[in-house]
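Q: This is the structure I want to talk about, given as structure tokens.
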């Protein structure tokens, strides 16, 4: 089986970017180990702090964030890092070529009940000579990403990533401590009858999203003429992974609980990297009205509505929002 570094070399990834990705994996392997220890290591539960998003931080949120941040700012090729858990971007090497953004532990509300969580990351090229602690250097749309991926910590630890040449899946071989290639060129089925959404928020959605879900629930007799199944794990990494393997559509739409927020999920840490992965696997991603990766970020913590997965189903949701 091919190791990660062999696959990156075959894809023509340069040595600098390869080292950045490998450092992300060093941190993720450490996170996987700590998650496996769980209560034995005394690292479950919440802190008394909130992150910049206003969310109570789990202890493993903080630990995972520090592992990724510390190894990346020490990398000679990293200009700066941005994290969902940090108020501001952080400078790395002034001569670094790359910027890395990440959600250190997506779905962390699942930790204490031993359900799947994950790490999401995105790599951009620094476009000018500004320092990495200036967020302006990060404000590029998702089309500018040179790599994106996630690590799913489940029964096995899986890396799914793209450098713009398709999507590959790697499994962490704990015997050798390396991610090895186990599936190549993942492709999302174009059609689906499975959706993932948090139905408890339905009363807050826009009318277009309400109508789409209502039509899904009408089954074969409804306008969509399908019997749909619903899934919800409360972990974007787990939801997207299921879609990559068997198809489906994931939605976290705009809701009106806080009109000042464009959505729940963060563009730079979740929307863009997951959109790159999904589109590279033949799927589609949208806010409901435009492609997520075409959204111009105004701030490092911008939020965005998310609809992604099997491309024909995403097109149906977009049609509801644009007719």
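Just so you know, glycine gets a Cβ as well, placed from its N, Cα and C.
Feature list, courtesy of Swiss-Prot:
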BINDING   84, 103, 105  Mg(2+) 1 binding site
BINDING   103, 106, 270  Mg(2+) 2 binding site
BINDING   106, 107, 108, 109, 198, 264  substrate binding site
Q: Measure from the Cβ of residue 108 (substrate binding site) and count the other Cβ atoms within 10 Å, all protein chains considered.
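A: Summing over all protein chains shown, residue 108 (substrate binding site) has 22 other Cβ atoms within 10 Å.
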Q: Drop a 10 Å sphere on every Cβ of the binding-site residues 198, 270 and tell me which sphere holds the fewest other Cβ atoms.
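A: Comparing Cβ neighbour counts within 10 Å for the binding-site residues 198, 270 gives 198.
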Q: Which binding-site residues from the set 105, 107, 108, 109 come within 10 angstroms of residue 270 (Mg(2+) 2 binding site), judged by C-alpha positions?
A: none
Q: Check the DSSP secondary structure of residue 270 (Mg(2+) 2 binding site), expressed as helix, strand or coil.
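A: Note: residue 270 (Mg(2+) 2 binding site) is helical by DSSP.
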Q: Cα-Cα separation of residue 264 (substrate binding site) and residue 84 (Mg(2+) 1 binding site), in Å?
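A: With distance taken Cα to Cα, residue 84 (Mg(2+) 1 binding site) is 12 Å from residue 264 (substrate binding site).
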Q: Can you tell me the CA-to-CA distance separating residue 103 (Mg(2+) 1 binding site) and residue 109 (substrate binding site), as a whole number of Å?
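A: Checking the Cα atoms of residue 103 (Mg(2+) 1 binding site) and residue 109 (substrate binding site) gives a distance of 14 Å.
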Q: Translate the DSSP assignment of residue 103 (Mg(2+) 1 binding site) into the three-state scheme.
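A: DSSP assigns residue 103 (Mg(2+) 1 binding site) to strand.
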Q: What's the most sparsely packed of the binding-site residues 84, 103, 106, counting other C-beta atoms within 10 A?
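A: It is 84 that, of the binding-site residues 84, 103, 106, has the fewest other Cβ atoms within 10 Å.
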Q: Between residue 107 (substrate binding site) and residue 84 (Mg(2+) 1 binding site), what is the CA-CA distance rounded to a whole number of Å?
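A: Their Cα atoms are separated by 12 Å.
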